[in-house]
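Participant: Here's the feature list from TrEMBL:
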DOMAIN    300-504  domain 'TM7S3/TM198-like'
SIGNAL    1-21  signal peptide
TRANSMEM  297-314  transmembrane segment
TRANSMEM  321-337  transmembrane segment
TRANSMEM  349-368  transmembrane segment
TRANSMEM  375-395  transmembrane segment
TRANSMEM  407-427  transmembrane segment
TRANSMEM  439-461  transmembrane segment
TRANSMEM  481-502  transmembrane segment
Amino acid sequence: MGLLRLMALAALASQPGVAGGAEAAGNASSAGLIEFSVGKFRYFKLNRPFPEEAILRNISSNATFLIFQIHSQYQNTTVSFSKMLLPSTSGTGTDKGLVFILRPEQSMCSWYLETLEAEPVQNLAIPLSYSERDPIPGGCNLEFDLDVDPNIYLEYDFFETTIKFAPANLGYARGADSPPCDTKTGQDSRWRLQYDVYQYFLPENDLTEEGLLKHLQRMAEVPQVMASAMKVVTLTADDKTSVSFSSLRGLGVIYNVIVRDPVLNTSAAYVPAHTYACSFDATEGNCSSLGRVSTKVFFTLFALLGLFICFFGHRFWKTELFFIGFIFMGFFFYILITRLTPIKYDVRLVLTAIAGSLGGIFLVAAWWRFGILTLCMLCVGLVLGFLVSSVSFFTPLGNLTIFSNDAVFWVTFSCIVVLIPVIFIGCQRILNILTCGFIGSYSVVLAIDSYMYTSLSYIALNVLKRALSPHFRRAFTNVPFQTNDFIILAVWGMLAVSGITLQIRRERGRPCFPPHPYKLWKRERERRVTNILDPSYHIPPLRERLYGRLTQIRELFQKQQPAGERTPLLL
């Protein structure tokens, strides 16, 4: 076996090195062997029955440890120190890496790669070297299987995506003993290290493998991470090495952690991890078909009604009240039924539509019977206040630490909601037209989100998640603003401004609101009763009219009877 290894190394030595940022796909000189270069990305494919051996030569004497990392889009690959796979010497996943602590005079190392997937897996891999002054990512691991674990472990659900990683340790020279992890907590121990968590968004609606692997190259090394990604939070050694983010279903997001030594002014990067917050293998609701049919139908009909309200809501006052009542009842009913029952999503959406319709009918009926304008305008103002408050917390204001407390968040949110109808208490027609324009046009944004990804939908969705999940308060709600979002934002603004301007011009010189419907109906009925010259005065009661109609319908189905005696004509 040793002779075969020497022959393989001799064959590799005869091959010229490949230069450039990312090396071409393919194996090295012989089947089963892949040669890597420090700091060079390498594309290659792994097949199920053929594990590969990877070799790195000419390691610099200044390097004290290496981090080898391998990435794929959604198919798992395994990287191991040996051919025999053990939990303490290997890792399996889409973003995995190993730390090699180099021995004195060591200038070459090797490891093994394989996959259990049925189809060939496209991979991107790179080995990175660090000096003795650099901190070692995962060097004080006590939670995961590897002794030194530089990996970021990622979990997601509908509400949040959580990343976890092992604490780092101080760097040390080749052949020396590693610094103790927990014997002391002073500035000469690993407790002085700091962890910067970075987040990088892929382009919207880009689910391609090539796009992911290209962007992963920007998240592997410290300088590229700091230049390309957004720093979300800085953790100290006293903080828990776990951070939560709002799940962005259908959008690729890459996370990485840079551990810094503020005393030596050095740093090192963990192995980046990515997620789309969805599954590529799922038969229903996978990454390629995010919008369910029920969601598309619901929000398309909702958007059509909202578009009508945007331009004609104030003129058709009862239709607008139905729209407002639908939003009120539907929102709270969906929260209630989701938190209390395990009903499937499609059934919940149908029940929400029914409950929202009943809420709209109830608000219209309350206006028709009682005609309390203040109550109706309070509902209208609260809906507009909800949107204004949601937009406020959609900004970086929502990520302030103080709002991770539920009581502080909901009190502040409610105050902003109530503030809107209070501000417009003296100009209710303007409040109503503004609500028609902004709420009606935002329904179009929600409908667009059911067909393609847009970050603007999270204006309302973040609040809904906060109401549904008690753990969502700890999540960072960052979202990207890319080309699609700017276009949809422009469409939203154009619809809102057009609808508001049109309604203000049309309603100029008209009464602010229609009169009380019940009083009008009652007055008209009394007029008909007392005015004998009115033709409607002579109209029979409703019961007699219905009986007469039924009699006419019954006669249509009766056979005509012969009348009198028939005598033949005599010639």
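The backbone N, Cα and C atoms fix where each Cβ goes, glycine too.
I would like each feature placed in context: is it buried or exposed, what are its neighbours, and how far apart are things?
Facilitator: Predicted-model confidence for the domain 'TM7S3/TM198-like' (300-504) is 94, expressed as mean pLDDT.
Sequence-distant neighbours of the transmembrane segment (297-314) (same chain, 6+ residues past either end, Cβ-Cβ under 8 Å): 320, 323, 349, 353, 429, 432-433, 435-437, 439-444, 446-447, 449-450, 495-496, 498-499, 502-503, 507.
Nonlocal intrachain contacts for the transmembrane segment (321-337), taken as residues 6+ away from its ends with a CB within less than 8 angstroms of a stretch CB, comprise 305-306, 309, 313, 343, 348, 351-353, 355-364, 367, 376, 379-380, 382-383, 435, 439-440, 464, 467-468.
Beyond its flanks by at least six residues, the transmembrane segment (407-427) meets 377-378, 380-382, 384-386, 388-389, 392-393, 434, 463, 466, 473 of its own chain at Cβ-Cβ distances under 8 Å.
Sequence-distant contacts of the transmembrane segment (439-461) (same chain, at least 6 residues past either end, Cβ-Cβ under 8 Å): 204-205, 246, 248, 250-251, 290-291, 295-296, 299-300, 302-303, 305-311, 313, 323, 327, 383-384, 387, 390-391, 394, 477, 479-482, 484-485, 488-489, 491-492, 495-496, 499.
Residues 201, 203-205, 307, 310-311, 313, 433-434, 436-438, 440-442, 444-445, 448, 452-456 of the same chain sit 6 or more residues outside the transmembrane segment (481-502) yet have a Cβ under 8 Å from a Cβ within it.
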